Structures are given as structure tokens and as C-alpha cells.
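A.B. asks: Here it is: the structure, laid out below.
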Amino acid sequence: MARKTLRARRFFSLIFPFFFITSVYAEQTPESAKTVTVEAKNEMFAPQHPDQYQSWKATSEQSAREDALAEDPRLVILWAGYPFSRDYNKPRGHAYAVTDVRETLRTGAPKTAEDGPLPMACWSCKSPDVARLIQQEGEDGYFHGKWARGGPEIVNDLGCADCHNTASDDFAQGKPALTLSRPYAERAMEAIGKPFDKAGRFDQQSMVCGQCHVEYYFDGKNKAVKFPWDEGMKVENMEQYYDAIAFSDWTNSLSKTPMLKAQHPEYETWSAGIHGKNNVTCIDCHMPKVQNAEGKLYTDHKIGNPFDNFAQTCANCHTQDKASLQKVVAERKQAIHDLKIKVEDQLVHAHFEAKAAWDAGATDAEMKPILNDIRHAQWRWDLAIASHGIHMHAPEEGLRMLGSAMDKAADARTKLARLLATKGITHEIPLPDISTKEKAQKAIGLNMQQINAEKQDFLKTVVPQWEDQARKNGLLSQ
């Protein structure tokens with residue numbers, strides 16, 4: 001009886017603040033990104049919102065770099081011919097958003113504004129300067145050109161104006177004033193029946209995160225960001241959308257498969273999981289309310305692992321202790337990891353077997369159904385593994401996608417075995433040594449010494465010029 005009473009008190013202590021918040025913000029009308037005057041320098045808001053600013057700044061403490069390719073060299077083969085085969089680190093704090101996109105080998109080593117391998121769109125989730133440029137130049141103007149064009153303009157790390165209408169009266173009065181600062185995100189939410197200006201408070205909290213933590217692609221000649229949600233947000237829906245427009249991110253250099261590269265579909269996978277279905281938002285788990293030294297509540301902007309603030313996050317809903325929940329999460333993470341590796345092994349073999357089939361004289365017609373299976377298998381695998389935290393957000397959906405990927409990869413290999421047999425090849429296709437990142441990169445023909453040297457020269461010569469120009473133009477604090 002005492003236990004039930006305690007739970008009841010706890011329930012009402014949680015629910016009453018929610019009713020209060022709803023009433024306070026019920027009359028808020030979020031302003032469109034098109035009407036916001038964007039101030040991109042985050043430190044400008046420190047005097048007005050000191051606790052939020054200092055906690056945001058503390059994301060710089062999340063500085064460790066984890067090399068995903070070194071941890072799992074199979075990825076190099078799966079992404080052969082694509083910049084991700086050069087460099088792929090696991091995510092770290094928001095304070096490194098601009099630094100990391102400059103330093104990754106994926107963005108190349110451009111010498112001029114018209115040089116380099118990637119488009120302007122690659123800045124889109126890195127800085128409030130993006131919203132500023134879209135306001136100044138329009139979307140077509142912003143997306144036009146190469147990534148290097150944005151170097152002197154996009155200089156402030158992901159921050160205040162990415163999620164808040166910092167020019168609004170509501171923000172000046174200390175209210176969140178949430179906004180979608182990217183018009184393409186606004187359109188995507190409308191496509192799934194969630195117009196931002198009609199969404200409830202809790203929906204909006206996750207939608208602002210869903211501007212960036214999503215799957216997207218670069219559309220048309222201008223390489224504009226678009227979310228592939230026209231048919232829905234499930235892996236099969238997005239696959240259907242991409243297939244219908246014959247889109248591919250690149251062609252795998254081994255198998256010649258037109259591939260899809262998933263980005264970071266946290267919004268989609270969260271929506272498919274128990275937290276999303278019950279509207280437990282990104283904010284509830286990753287940005288909880290905490291107290292400052294004076295006992296005042298504020299939203300912690302040091303976005304991180306919910307277990308780091310267990311009492312303010314998980315314990316609000318769960319009765320289990322921290323160790324018990326950590327054990328559950330670890331078991332789910334391991335199950336997804338184990339299936340992930342099995343799928344990768346199948347895909348690695350499929351890419352090399354497809355190469356052997358081409359080398360043996362296979363025709364486009366013979367290879368088409370096989371390449372389609374490889375494309376669909378790797379897409380489903382990638383959407384599962386690119387969603388960092390799927391073991392927490394939607395473990396069942398993660399396992400389902402990986403199981404489907406395994407089936408598709410097995411189909412491809414069965415068809416390849418039959419095709420190879422018609423070419424007189426009945427032995428197992430040997431794999432090169434891909435036991436380390438370096439060996440795998442050598443196996444696909446990457447000259448990493450040259451790539452790294454070019455990048456270091458870029459960082460020493462070009463980036464300082466970008467920063468000097470930004471300071472002269474008043475875009476970056478001295």
C-alpha cells in the first residue's frame with residue numbers, strides 16, 4: 001500500500017508540472033524561420049541565459065574521438081568509393097560541430113571556394129550561421145556551390161539560434177521560443193502531417209532536434225537538403241522513395257552497386273520506439289531540468305547520456321535502479337552489435353563476389369537483381385547502425401531492420417553463387433586482408449598518406465584564412 005501511495009505521489013509530482021508548462025506556453029505562436037533575425041554568435045546570449053550557455057559550452061568536455069573505421073574495418077569495404085571509407089568518427093559534443101566538419105577527411109582539402117568534393121549542404125547541421133545565410137541568400141542561394149564557399153561564413157558552432165527564435169519577445173522574456181530554423185525541415189514535418197506551428201509543446205521539443213538528427217539526401221543540381229519522408233519514415237518507405245526517383249549517393253567501387261548512405265536517423269528511429277510512441281521527448285532524456293547553485297531550475301544544454309543525469313531523466317518514469325537499467329540497455333546494445341557484425345560479414349563477401357562476377361564477364365542484365373539486393377541490404381543495415389543509440393530508442397526496430405538486411409544480403413550471395421557458377425567459378429571468392437582500417441583502405445586503393453598530407457596542409461593554410469575573414473566581417477568574436 002505504501003509503495004502504491006509513493007508511486008501515486010510521484011506520478012502527480014511529474015504530471016502537475018506538465019500541466020503548468022502546457023498552460024504557460026499554450027498561447028505561444030512559434031515564428032517561422034523566415035521572419036527570424038538570426039544572431040549566430042552564441043556568446044551574445046550568455047548574459048541573458050547564463051546557465052543554459054555555460055552548460056552548452058560544457059559540451060566541449062565531450063572531446064574524445066572514437067574512430068569507427070579502426071574499431072570495425074569492414075565499414076571501409078561497405079563504403080568503398082565514398083568519402084566515409086576515408087574517415088568516420090563517432091559523434092562528440094556540439095561544441096565541435098564546425099571543427100569536426102573542417103577536420104574530417106570526408107570534406108577533402110579544397111584550395112578555393114569552387115574546389116573540393118562536397119556541396120554547401122554539408123554545413124547544414126553544423127551552425128546557426130546556416131540559418132543566417134538562408135535568411136540572407138534564400139535557400140537556393142545558400143545551397144549553391146561547393147562546401148568551401150561556406151568556410152569564411154559558417155564559423156559558429158551549433159547553438160542557440162539553431163533551435164530558438166532568439167529575436168522573439170518570448171525568448172527575451174526567458175521562454176524557449178522553439179523554432180525550426182531550417183525551412184527544409186519545416187517542409188518535411190508538414191509532409192508527415194506535423195506542421196510545426198500546429199504542434200504541441202512536447203512534439204516541438206523533438207522536432208527541433210529532428211532538424212538535424214534525421215536521414216536526408218542532397219536533391220537536384222543545387223544539392224539541396226531534403227528528407228525522404230514523402231512515403232513515410234520507416235526504412236521500407238524511404239527505400240521506396242529513393243528507388244522511385246532512382247537516387248543513389250554513390251556507386252560502390254568494388255561491386256558497382258548504386259548505394260544509399262544513411263545519415264543519422266535518430267528522429268525516425270525514436271519515433272518507432274516506445275519513447276517516441278509515448279512522446280517522451282529528446283529533451284526529457286538528453287536535456288533535463290537541473291538546478292543551478294541558487295536552486296533555480298533550468299534546461300541543461302550539455303546534451304549527453306541520460307545515465308549521467310539519472311535522477312532527472314530515467315528515474316522520472318522508471319522504478320528500477322540505475323544499474324538494472326544499464327544492464328538492460330547493455331544487453332540490447334550487444335544484441336544489435338552482434339547482428340550488425342553478421343550482416344556486415346555477408347555484405348563484405350557480397351561486394352567482393354560481385355566484383356568477381358563483373359571481372360568474369362557478367363552483364364548488366366545479369367547483375368541488376370543482385371545489385372538491387374545489395375543496395376537494399378546495405379540500406380537497411382545502414383539505417384540501423386547510423387542511428388547512434390538505436391539500442392535505446394528502438395531496439396526492436398533495429399533488430400528488425402538488421403534481420404531484413406541479413407535476408408537481402410543472403411539473397412544477393414545466393415544469386416551470385418549461381419551466376420559465378422555459370423562463369424566457371426565454383427570456388428569461394430577470397431577476401432584480401434582487411435583486419436585493420438589501414439589494410440582495408442589499401443585493399444580499395446586509397447592513398448591515405450597523400451589524403452592525410454593534403455588535409456593537414458588545408459588545416460594549416462586555408463582554415464586560418466577563413467577565420468581571419470570571418471573576424472573582419474564581424475561573424476566571429478575576436
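Placement of Cβ uses the backbone N, Cα and C atoms for every residue, glycine included.
Values in this document were obtained by computation on a predicted structure and should not be read as measured data.
The heme c 3 binding site annotation in Swiss-Prot covers His94, Cys209, Cys212, His213 and rests on sequence analysis. Here Swiss-Prot flags Cys122, Cys125, Lys126 as heme binding site, drawing on sequence analysis. What Swiss-Prot lists as heme c 2 binding site is Cys160, Cys163, His164, His301. Among the features that Swiss-Prot reports, Ca(2+) binding site is placed at Glu215, Tyr216, Lys261, Gln263, with the record citing sequence analysis. According to Swiss-Prot, the substrate binding site annotation covers Tyr216, His264. According to Swiss-Prot, the heme c 5 binding site annotation covers His275, Cys314, Cys317, His318, on the basis of sequence analysis. The annotation heme c 4 binding site is assigned in Swiss-Prot to Cys282, Cys285, His286, His393. Among the features that Swiss-Prot reports, signal peptide is placed at 1-26.
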A.B. asks: Rounded to a whole angstrom, what is the C-alpha distance between His393 (heme c 4 binding site) and Glu215 (Ca(2+) binding site)?
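C.D. replies: Rounded to a whole number, the Cα-Cα distance is 15 Å.
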A.B. asks: Under 8 Å Cβ to Cβ from His318 (heme c 5 binding site), same chain, six or more residues apart: give me those in sequence order, or none if nothing qualifies.
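C.D. replies: Leu325 - these are the non-local Cβ neighbours of His318 (heme c 5 binding site), listed in sequence order.
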A.B. asks: Cys125 (heme binding site) to Cys317 (heme c 5 binding site): how many Å between their Cα atoms?
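C.D. replies: If we compare the Cα positions of Cys125 (heme binding site) and Cys317 (heme c 5 binding site), the gap is 31 Å.
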A.B. asks: Apart from Glu215, Tyr216, Lys261, Gln263, which residues in this chain have a Cβ no more than 8 Å from the mean position of the Cβ atoms of those residues at the Ca(2+) site?
C.D. replies: Val214, Tyr217, Ala262, His264, Pro265, Ala386
A.B. asks: Of these binding-site residues, Cys212, Cys282, Cys314, Cys317, which scores lowest on Cβ atoms within 10 Å?
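C.D. replies: Among the binding-site residues Cys212, Cys282, Cys314, Cys317, the sparsest Cβ neighbourhood within 10 Å belongs to Cys317.
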A.B. asks: When the Cα-Cα distance from Cys163 (heme c 2 binding site) is computed for each of the binding-site residues Cys122, Cys212, Glu215, Lys261, which gives the smallest value?
C.D. replies: Cys212
A.B. asks: Starting from the Cβ of Cys163 (heme c 2 binding site), draw a 10 Å sphere and report how many other Cβ atoms land inside it.
C.D. replies: 24
A.B. asks: Around Cys209 (heme c 3 binding site), which of the listed binding-site residues (Tyr216, Gln263, Cys282, Cys285, His286) come within 10 Å, judging by Cα atoms?
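C.D. replies: If one measures from the Cα of Cys209 (heme c 3 binding site), the binding-site residues that come within 10 Å are Cys282.
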A.B. asks: Let me check the 10 A CB neighbour count of Tyr216 (Ca(2+) binding site). How many other CB atoms are there?
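C.D. replies: Result for Tyr216 (Ca(2+) binding site): 23 other Cβ atoms within 10 Å.
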A.B. asks: Can you name the binding-site residues among Lys126, His164, Gln263, Cys282, His301 whose CA is within 10 A of the CA of His275 (heme c 5 binding site)?
C.D. replies: Cys282
A.B. asks: Other residues near the heme c 2 site, CB within 8 A of the CB centroid of Cys160, Cys163, His164, His301?
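C.D. replies: Residues close to the heme c 2 site, other than Cys160, Cys163, His164, His301: Phe45, Gln52, Trp56, Gly159, Ala161, Asp162, Thr166.
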A.B. asks: May I ask which residues of the same chain, at least 6 positions away in sequence, place their Cβ under 8 angstroms from the Cβ of His264 (substrate binding site)?
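C.D. replies: When sequence neighbours closer than 6 are ignored, His264 (substrate binding site) has Pro91, Cys212, His213, Val214, Glu215, Ala386, Ser387, His388 within Cβ distance under 8 Å.
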